[in-house]
Amino acid sequence: MKFWSNFLRSIFLAVVLATSATASPFPASLKHTTLQVREISPGVVVESFHPESSFETFGVNGIDHPLSAREEFDLKDATVSFIQSRLNIDADSISFRTGFSSDVAQHAFIRQQINGIPVANAVANVAFNMANKVVSFGSSFVTTPSNVPSTSPSISVEDAITNAESALSGKFNEHPPTVEFVAKKDGSLALTHVVQIQNDTTGAWFEAFVDAHSGELVQLTDFVAKASYLVLPITKETLLEGFEVLNNPQNLAASPDGWHSDGTTNTTSTAGNNAVAFKGAQTNTTTQSSVGLNFIFTQNPKAAPTTQANIDAARTNAFYIVNTVHDISYVYGFTEAGFNFQNNNFGKGGAGNDRVTISVQDSAGTDMAKFATPPDGQSGRMRMFLWDYTNPQRDGALENDIIVHENTHGISNRMTGGGTGRHGDLDMLNVGSCLQTNEAGGLGEGWSDAMAEWTEHKNATVVDFVVGQYVTNNPAGIRSHPYSTNATTNPLRYSSLQNLTEVHGIGEVWANMLHNVYAGLVRVHGFSGTALTDPTTTGGNTVFLHLFLDALTLQPCNPTFLTARNAWIQADKNRFGGKNFCTLWTQFASRGLGVNAAAYKDDSTVPSGC
């Protein structure tokens, strides 16, 4: 066994290095959209391929599908028949995974299968309006090659696990392995063992696709979203704005048993149905300071963050923010059926037992934060670190924009791709991420900054927004520019992507576009002071968050700036009948993402009539 494992290790190293060195030239415009290159250890590089997604939208009224004449609508049947006709493929190639309905649309998530085996990175999603018409369709299905690998693995799953553990410097986490195809950049397929590998010391959490015939590591999914940025009432960015005592801040429409009960078990600590905040181990939570679920811990900024009172203040704040984000996103559509994070789903759909675990003052690093998003049914994992820009250090768990940013990675990863990221089967818990390419990962960073900004607006005046001021002790924050409607203050445009390769830099472009979209909507509709809890208000901030979350469920796997923009346009048609059509196009076009934008070249054109 040891010789065989070493032999596989040798094959893996040789193949991965050769692949990295000899890869044929690839169009620059597709590198961000289809590839993710990771150096997992010195000299060992894995290039993961994600087929480019097509995305079509069909306006307010939508279009018919082949079964439109049926008296009774069936989401699965309608979806399969539509894809079969749209892509001209056999029904046997289409595997319906799951679906759910929101208040304005019905969503279906599908995966491609070949010879009865799913293709991990070939997925599709269809949205129907409430009149059962198709309003959008995204697909990354691939052409079946003439030479399909044998569906019987040549190496065992045990050897694949050993190989992956060695390559990724981690341990198999006992999550059930699966066998799936992976579509490769050259058009071929690889049969793979799919296993999850974790390293609790470094915080790494990968899904490894090991070729079941050669032993090569052909694909990786990284569940961890990393950041080097920062985040009291949720409308405050930093503790410099002042702590407040909030009484009963939970929204019972989203958390019917409050934040300290899962409907069966009650707690008096920073643990509940939606989240648990701890240090070191999940049992090390903060217990109420007095009877009645009072968590009153005064933070001392002159003392080290590791003093007990400061630890309790940090755990309390992180617990409050994550629960508040849960409640806000819930009333806007990120519910149990929409693959949210809860231990008890109260029979409302989705998979439970997946509250967010929040490790404050995590020992695995400094000056950043992380969020790992496994599939629905596995807990999201937030890791908050200390920052050493100052003496004493400052705690990221006391900077609200950091926490909201990280939490939003969980939202965008779950909602893009139907709960698992790459449309894996919920029963089999096949997992992955639909935000794995550079461009899609950048969009993820942008959504996270935009959500953090949304929570902190207090009125109709849209001021410039700076991320990460407190922990760095720098009013300029940690982004290259403030988010601004002023093109001098923030000159980032769609064409800026030509020179950006890192996801946070790409994310700044998208976040600034969304800042401009937000400003445009508030200018037209005004500001609602109750949008945090009431999604029925008509303010521009309310409209913005509806479109934000609705678009996540519409867009295809591994979206681009163009398909993400189109998802916003279609989301507006679905929910508001297209009333914001020109406002949206005007704001996107103002930053180069106009009608004719393509291949990272700016265009300021808006549709006729705008």
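If you go along the chain as it appears here, the first residue is 1 and each next one adds 1.
Including glycine, each Cβ sits where the backbone N, Cα and C put it.
The following features are taken from TrEMBL:
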{"type": "ACT_SITE", "residues": "E406", "note": "active site"}
{"type": "BINDING", "residues": "H405, H409, E445", "note": "Zn(2+) binding site"}
{"type": "DOMAIN", "residues": "106-141", "note": "domain 'FTP'"}
{"type": "SIGNAL", "residues": "1-23", "note": "signal peptide"}
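E406 (active site) is 9 Å away from E445 (Zn(2+) binding site) when you measure Cα to Cα. Sorting the recorded positions E406, E445 by the number of other Cβ atoms within 10 Å puts E406 first. The list of residues near the domain 'FTP' (106-141) in space but at least 6 beyond its ends in sequence, with Cβ under 8 angstroms from a Cβ of it, reads 49-59, 61-65, 68, 73, 75-76, 78-80, 82-83, 86-87, 89, 92-100, 148, 151, 179-183, 189, 191-192, 194, 209, 219, 417-419, 422-425, 430, 432, 434, 553-559, 563, 567, 570, 573-574. Secondary structure of the domain 'FTP' (106-141) per DSSP (helix as H, G, I; strand as E, B; remaining residues coil): 0 helix, 27 strand, 9 coil.
DSSP assigns H409 (Zn(2+) binding site) to a helix in the three-state reduction. Averaged across the domain 'FTP' (106-141), pLDDT for the predicted model comes to 93. Around H409 (Zn(2+) binding site), taking its Cβ as the centre, 28 other Cβ atoms fall within 10 Å, counting all chains. Counted within 10 Å of its Cβ, the other Cβ atoms near H405 (Zn(2+) binding site) come to 29, all protein chains included.
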